[in-house]
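Peer 1: Please find one structure pasted underneath; my questions will follow.
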Amino acid sequence: MLDLHYITENTEDLKKVLELRGFKEVGIIDELKSIIQRKRELQREVDLLREERNKVSKEVGRIKQSGGDITEISASVKLVGEKIKEIETKLEQEENVLININLGLPNILDPKVPNGKSEYDNVVQYEVGKIPSFSFPPKPHFEIGEALNWINFEKGVKLSGARAYTYWKDGAKLERALMNFMLDVHTKEHGYTEVWVPSMVNDESMTATGQYPKFKDEFYRIEKDELNLIPTAEVPLTNLYRDEIIPEDQLPISVTAHTSCFRREAGSYGKDTRGLVRVHQFQKVELVKFCKPEDSEEEHKKMLSHAENILKKLKLPYRVIILCSGDISANSSITYDIEVWMPGLNRFMEISSVSNFRDFQARRGKIRYKSKDGKNQLVHTINGSGLAIGRTYAAILENFQDANGTVHIPEVLKSYF
């Protein structure tokens, strides 16, 4: 959701941004600008009528006080009132159309975002860690997990259908160890406050963070109760402060949560059909920050380093890329992806996205802070995975396997077993 003043004053620049993002309905900006202008004209008209009604109402009072006949002037007041209601109805209709269009617009891109059409145009920023070499052909994580009896995909499919799995024995312990390890690092070393949040949220929450209305078909919804299974803890964590005004001295606020995440993966038919990479339910530790606009770039960098620190402690090789204009999410202004090396799959795989939304989500969710001069301003929101646990699990199996099928648990996790 964009600032209306920005839309009217930067129409051509906004169209260019939409084109870079691959947004096809660029002409909608001209329509939006026309609606904004009509709203302003209607508002001026209704303000003048209210002013007229106030003057006439005072005159009615004066005539009544002097004992005069108010029949004619009262009829005039009634007509003005009816005209005001008529224009207010038009105003409401225009406002609803404006909001619906604005909710479908993507965020403004940061100048640092490279131009591009797809994931192939993303730009590598740097690589960390040495890619391991093996004296044998490394196996993919799903083969390793099944051989160790740590992962049972067959029973997952039996329970829930495709893209499901179950963990067993030390395999289940590894999942729990990763969750506790990540939360401990983020709370004890990085200064985040741990929060437990629901796995079901209302439509207002999904709208504030940008999942609704545009991407409604991508998520699981419980129609009877008008609730939605969360695709990420970003949704409940960000909405903790929806419709609230935060005192300036409380910023920045940094929160983290471990949750299950649920995604339909409707557009991924045929992609990563085996293993833990693309499933309908997975575990993730999420990071969310609320900060002042002038601090958001620095806080974004900090969050990226926090997500990277988990991989450094686990000694997993990875790289950081910046997403191009055609691959970045509609809600984000700038996003860095962290991709971990997967020897068994012989490729890098996304394990975290760290995004700065600027005031995009805050405007949708009315998340503000009161500055020292008493003014209410929109915060900036930042979020990232810290990390996706299933993919981290898969990376450990592939990077720390040996020739006889054993997996060596990273040193930092051993105390959690």
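Positions of Cβ are set from backbone N, Cα and C atoms, glycine also.
From Swiss-Prot, for reference:
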type: BINDING; residues: THR232, ALA233, GLU234, GLU286, SER385; note: L-serine binding site
type: BINDING; residues: ARG263, ARG264, GLU265, VAL279, GLU350, ILE351, SER352, SER353; note: ATP binding site
Peer 1: Quick one, of the binding-site residues THR232, SER352, SER353, SER385, which Cβ has the fewest other Cβ within 10 Å?
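Peer 2: Comparing Cβ neighbour counts within 10 Å for the binding-site residues THR232, SER352, SER353, SER385 gives SER353.
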Peer 1: Between ARG263 (ATP binding site) and GLU234 (L-serine binding site), how many Å separate their Cα atoms?
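Peer 2: Each residue's Cα considered, ARG263 (ATP binding site) and GLU234 (L-serine binding site) end up 14 Å apart.
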Peer 1: Tally every other Cβ atom lying within 10 Å of the Cβ atom of GLU265 (ATP binding site).
Peer 2: 14
Peer 1: Beyond the listed site residues THR232, ALA233, GLU234, GLU286, SER385, identify every same-chain residue whose Cβ lies within 8 Å of the center of their Cβ atoms for the L-serine site.
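Peer 2: Neighbours found: VAL235, LEU237, ALA257, THR259, CYS261, LYS284, VAL285, LEU287, VAL288, ASN383, GLY384.
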Peer 1: Hey, how far is GLU234 (L-serine binding site) from GLU265 (ATP binding site), Cα to Cα, in Å?
Peer 2: 18
Peer 1: Please list, in sequence order, the residues in the chain of ALA233 (L-serine binding site) that are at least six apart in sequence and whose C-beta is under 8 Å away from its C-beta.
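Peer 2: The list for ALA233 (L-serine binding site) reads VAL197, ALA257, HIS258, THR259, CYS261, LYS284, VAL285, GLU286, VAL288, given in order along the sequence.
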Peer 1: Tell me which of the binding-site residues VAL279, ILE351 sits in the most Cβ-dense spot, judged by other Cβ atoms within 10 Å.
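Peer 2: Per the Cβ count within 10 Å, the most buried is ILE351.
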Peer 1: Between SER385 (L-serine binding site) and GLU350 (ATP binding site), how far is it from one CA atom to the other, in Å?
Peer 2: 10
